[in-house]
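Let me begin by presenting the structure, written as structure tokens, before commenting on it.
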Amino acid sequence: MSSSMWYIMQSIQSKYSLSERLIRTIAAIRSFPHDNVEDLIRGGADVNCTHGTLKPLHCACMVSDADCVELLLEKGAEVNALDGYNRTVLHYAAEKDEACVEVLLEYGANPNALDGNRDTPLHWAAFKNNAECVRALLESGASVNALDYNNDTPLSWAAMKGNLESVSILLDYGAEVRVINLIGQTPISRLVALLVRGLGTEKEDSCFELLHRAVGHFELRKNGTMPREVARDPQLCEKLTVLCSAPGTLKTLARYAVRRSLGLQYLPDAVKGLPLPASLKEYLLLLE
């Protein structure tokens, strides 16, 4: 082996070792207790190097270290790069930390990036009920009705967990409440699947009431029969049967139609400008 080739290989190995130490330092796995992120980068650690499935920036978002995220971005970390799971850094940050989300968006992170299952960061923020991340993503242009591989929207993901805060914000931004996924489920039916487990909380009940106001009318029965899992709970079954049997009133159907006609925007601002009495504005905003 020539001396020049040996030097090149040694240089590559040294950079790889530094980059691995960078990942470990960010994750607080201190194999080298005196390491710090800035010194490792200054010494030649590659801020975009992948170790296994991890990249440094993804790791910083996993541990919710907004200062480290900003430092890595300043040093050239690629904000929309994919890790070994085909996820961007924003997918990780959206689950956990608004500060990281804000920094990433400031540096050009794509709020509509898709992972391997076509999930967006907004899907994950809604699922984890990280309401401030939901709001930050929507304010930065995230698609409120983005579809994953199963044609579920962020609203569906929030509803299946009974995440009242996230559901409320998504509805404020015009989320479609009657969307149907590939196996016939709607956001409200996803929430019902949670309620039938018998572990419903007051917040989940409030989430159901909010979705019911937004949808106007819904149907869970097939050929006039409630799903078996609903029928097992007589009290819930009776309540849902009454709601499904009642046709949507003109008032509730008009509310749904008006909200939909306003399009994908922040509805509280849009409704504020309508020439309507205050009571009707509150009705349109699902406040009664």
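A Cβ is built for glycine as well, from the same backbone N, Cα and C atoms used for every other residue.
The domain 'SOCS box' annotation in Swiss-Prot covers 235-288. What Swiss-Prot records for Ser17 is phosphoserine, and it gives similarity to another entry as the kind of evidence. Per Swiss-Prot, the feature repeat 'ANK 1' maps to 52-81. What Swiss-Prot lists as repeat 'ANK 2' is 85-113. Taken from Swiss-Prot, the feature repeat 'ANK 3' applies to 117-146. Per Swiss-Prot, the feature repeat 'ANK 4' maps to 150-179.
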### Summary
Other same-chain positions with a Cβ less than 8 Å from the repeat 'ANK 1' (52-81) and lying at least 6 residues past its termini are 19, 22-23, 26-28, 37-38, 41, 45, 87-90, 92-93, 96-97, 99-100, 102-104, 107-110, 113
### Message
Checking distant contacts: for the repeat 'ANK 3' (117-146), what same-chain residues at least six beyond its ends satisfy Cβ-Cβ under 8 A?
### Response
88, 90-91, 93-98, 101-102, 105, 111, 152-155, 157-158, 160-161, 163, 165-167, 169-170, 173-176, 179, 264
### All-chain count of other Cβ atoms within 10 Å of Ser17 (phosphoserine)
12
### Task
Return one of helix, strand or coil for the residue listed as 'phosphoserine', based on DSSP.
helix
